[in-house]
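Inspection log for the structure reproduced underneath, given as structure tokens.
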Amino acid sequence: MGNYTTVTMFLLWGFSSFPELQHLLFIVILLSHVTILLANASIMVAIKLNHNLHTPMYFFLFALSFSETCTTMVILPRLLVDLLSENKDISLHECATQMFFFFGLAANNCFILSAMSYDRYTAIHNPLHYPILMTQKICFQLIMASGVVGFAVSLCIVITIFNLSFCNSNIIQHFFCDIAPVVALACNCTFLQKMILFALTVFVLVGSFILIMVSYVFIVSIVVKMPSAKGRYKTFSTCSSHFTVVFIHYGFACFVYLRPKNGDTFRDDTLMAVTYTVLTPLLNPIIYSLRNKDMQTALRKILGHVIKGFPQMLNKRARNT
């Protein structure tokens with residue numbers, strides 16, 4: 001990693017420019033983080049316990065919820081600590097580790113969304129053979145492939161960045177080790193290395209988005225040929241949650257990672273990063289819950305069991321004491 005590296009510690013500047021807002025941000029982000037964990041955990045438990053949800057679509061949703069929960073765990077606990085701490089130092093190896101897991105999981109999310117779109121296309125295009133085409137084994141292979149490719153790309157990004165020499169400064173203009181703010185500190189980053197990083201980012205974002213759009217083009221071509229308006233509406237409704245999540249996820253990610261960079265954009269990127277590290281994982285379970293009757297039914301059952309079981313647990317504890 002670097003006979004070249006002269007900086008061994010970074011400073012995550014984050015929201016240090018807004019000292020008067022740090023306690024408010026701490027409360028907002030803490031509440032959001034707890035909500036993300038509870039919401040995604042509820043979806044995973046609902047899918048695990050409800051046999052009606054043991055289908056490929058919900059298998060992918062389970063994987064997406066788990067991956068997004070892990071993604072937020074890589075960033076938000078550290079951010080919460082930094083908001084209350086004067087010491088915002090992060091070592092070179094900690095920074096590399098955070099970047100590796102964040103971008104590995106983020107890329108994994110993108111490819112899982114692609115797999116979900118393929119699953120919807122298969123279900124609509126060939127419903128009779130759908131159970132054969134999308135077996136549990138194939139779903140597991142798609143999930144594993146998403147993770148392997150995602151973390152392989154992330155490893156390439158981390159190796160490229162942390163073989164650079166950091167001598168311009170040690171202040172990262174962000175609240176986590178993001179690509180552009182870290183690269184901006186390097187004093188020997190060549191045009192080729194910047195193009196490699198950009199190509200890897202494009203491969204993940206644009207590549208997975210193209211796969212999603214291809215699936216939706218075929219879905220639309222099938223649906224418009226359906227004679228029944230009710231059938232068209234029902235088919236589109238099965239895709240609406242996924243398409244909404246895709247729109248939010250790729251909208252924010254492409255804005256941050258595919259536009260030209262300079263020092264002035266880092267402040268905007270920091271604010272936008274709050275959106276895709278906090279708001280997107282928060283909205284995804286809400287979208288899937290509000291737009292999916294099966295999920296609503298499963299969540300209501302779990303909530304009912306919790307409400308019934310809680311008084312019994314208290315009574316049992318009271319008897320034991």
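Cβ coordinates are placed from backbone N, Cα and C, and glycine is handled just like the others.
No curator has checked TrEMBL annotations; they are predicted automatically.
Taken from TrEMBL, the feature domain 'G-protein coupled receptors family 1 profile' applies to 39-288. Look at TrEMBL and you will find 24-47, 59-80, 100-118, 138-162, 195-224, 236-258, 270-290 tagged as transmembrane segment.
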Proximity verdict for the transmembrane segment (24-47) and the transmembrane segment (270-290), three or more C-beta pairs under 8 Å: yes
Residues of the same chain, at least six outside the transmembrane segment (59-80), with any C-beta under 8 angstroms of its C-beta? 12, 14, 26, 29-30, 32-33, 36-37, 40-41, 43-44, 47-48, 90, 98, 101-102, 105-106, 108-109, 112-113, 115-116, 119, 136, 139, 142-143, 146, 175-176, 277-278, 280-281, 284-285, 288
Across the whole of the domain 'G-protein coupled receptors family 1 profile' (39-288), what does the mean pLDDT come to? Round it, please. 89
